[in-house]
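**Student:** TrEMBL lists these features:
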type	residues	note
TRANSMEM	B:23-45	transmembrane segment
TRANSMEM	B:51-74	transmembrane segment
TRANSMEM	B:95-119	transmembrane segment
TRANSMEM	B:131-152	transmembrane segment
TRANSMEM	B:159-177	transmembrane segment
TRANSMEM	B:213-233	transmembrane segment
Amino acid sequence: MIICERLGRRYGEYWALRDVSFEVGRGVVLGVLGPNGAGKTTMVRILTTELMPSEGRAFVAGFDVVKEAEKVRKAVAAVPQESRPIDFLTPYEFVLSYLLLRGYSLREARRRTAEALKEFGLWETRNKEVDALSGGMKRRVLVAAVFASDADVVFLDEPTTGLDVYSRRLVWNAVSELKRRGSTVVLTTHYVEEAAALSDVVLVINKGRVVDLAPPDRLVEKVPGKYVVEVYGKDGLAVEGGAVLKIGDRLLYYVDVPPKLGEPSKDGAKIVIRPKSLEDFVLFNIGLIEGDHEDD
Amino acid sequence: MKTIKDALVIAWINGWIAATRGWVWVVASSVSPAAFLVLLAIYGGVEGLKWGLVGGFIWTIASNGISLIGDATYYRLGIKYQSMLTAAPVSPAGYALGLALSSFIFALPTLSVYLVAMYLLGVPFLSIETVYALTALWLASAGIGFTLSGFIKHMRYAWALPQILSAVFTIGAPVYYPADLLPSPYLAVVLPTGAAAVVVQRFTGLRAYDLELVAVAALALALQSVVGLYFLFKLARWRQP
């Protein structure tokens, strides 16, 4: 459903995306992880035909994103990063107008709007102006519109950033439902546990380049050891053996057997022992985030 | 057909719904031309009032196109609505025309008042020539507005630029005064507002311009509207190069 071949985008001398190649099929949820400025949004903007690539090719739903942009646009739907619904419209008007713009008849658009608003818990507030809704509800309005469009490929660019736990789960439900319907979903997120829980395949990118592409479990297997001992504090526990990652005053020990904890250290160092996770793959491979580029 | 449907949907949400929920914008769109109208009526009597009404009508039509800079920029940079529509089968032309049409909806009450006032003052405003001039002006200014909005990189400029352009387009061009006050009346046709004003002033009987000047103005308007539409359809496309 999505094929990228050595895709790249340059701004002057700075490469926001470089040599990105991957392929995902129909009905797959692709989680995209990476720090700010990694190139996630640049990649999404190219695949949704909003931005020209500087090099390489990409195909979405079988169509070339450069040469067949019109056909791509019929097959995709997107919730862009930091987007908001038009504030003086009601959720009903926003979703309805989006579906009309996508080419649905008024009758079908009304039916789909009602269905989507009910699905996202927005039916009771359908006639309130968006301006009066909470941040989480506004975000759900956007996702509801895209959800109702029944597009083959859906791009959700950090859709859960800043959402409460309830709203986040409604978005997660939408991702699962889209997958069940056969849509391919591209989900960029900073929440690693979200990517781990929802994605069939995770693409990790950093500084515009692909770090790895694999199912979440496979990525976790690449992290050394079985457990992680996180120690914060200068006078904390020192663990022998295994790999060590240092983030400021925090030390992460990757070990096969967790150590037995004795007395707490004098300066109150905090120690957490947990099984390794996808987050550790990201930490291990990307390490410290070097400089934020908000407009990536 | 899809382009027209897209334009109507955008005009519905951004024009009709916005105007009916926020009447202050309807008033705002009429304030500046109304202020000129009052001044001209005070200093020019009935004749000044006629110039104020004709000039105000032309200004309001041009403002429809120019003021879409604010909406288009807000939707592109402020809330990323344009990005959402880019990833959908929506035509840039339909979107831009819809924004221009929505400005027109805001201006409808003002334009209606102007039309009634001109009718009462015996100004023969509605003719094929004036409708042509105003339609061409609307298309030209919409093209300019949407294209310029694509170059704005910061939201704060979106509110300043229309004010500058409005001043240039309405004071720099002979909208409220005769074109023969310029060093050469042909300078009037450089801006679409001036070209439209020459045609409208001639056919409403405000000024008896040479037919040659009127013909040049009509031709300039046709060219400006074609260029405006060219920019709108070709250059103001979704994709960022």
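Backbone N, Cα and C define each Cβ position, glycine as well.
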**Student:** For the transmembrane segment (B:51-74), could you work out the same-chain residues 6 or more beyond its ends whose Cβ comes under 8 Å from its Cβ atoms?
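**Tutor:** Answer is 14, 29-30, 32-34, 36-41, 44, 82, 96, 99-100, 102-104, 106-107, 110-111, 114-115, 117-118, 121, 123, 125, 134, 137-146, 148-150, 152, 155, 157-159, 161-162, 165-166, 169-170, 175-177, 192-193, 196-197, 200-201, 204, 206, 228.
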**Student:** Which bits of the chain, at least 6 residues beyond where the transmembrane segment (B:95-119) starts or stops, bring a Cβ under 8 A of a Cβ in it?
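**Tutor:** Beyond its ends, the transmembrane segment (B:95-119) has Cβ neighbours at 3, 6-11, 13-16, 18-19, 25-26, 29-30, 33-34, 49-50, 53-54, 56-57, 60-61, 63-65, 67-68, 71-72, 82, 85, 125-126, 138, 141-143, 145-146, 204, 232, 236.
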**Student:** Residues sitting near the transmembrane segment (B:159-177): Cβ under 8 Å, six or more positions beyond its termini, same chain?
**Tutor:** 32, 36, 40, 51-52, 55, 58-59, 62-63, 66-67, 69-70, 141, 144-145, 148, 152, 188, 190-194, 197-198
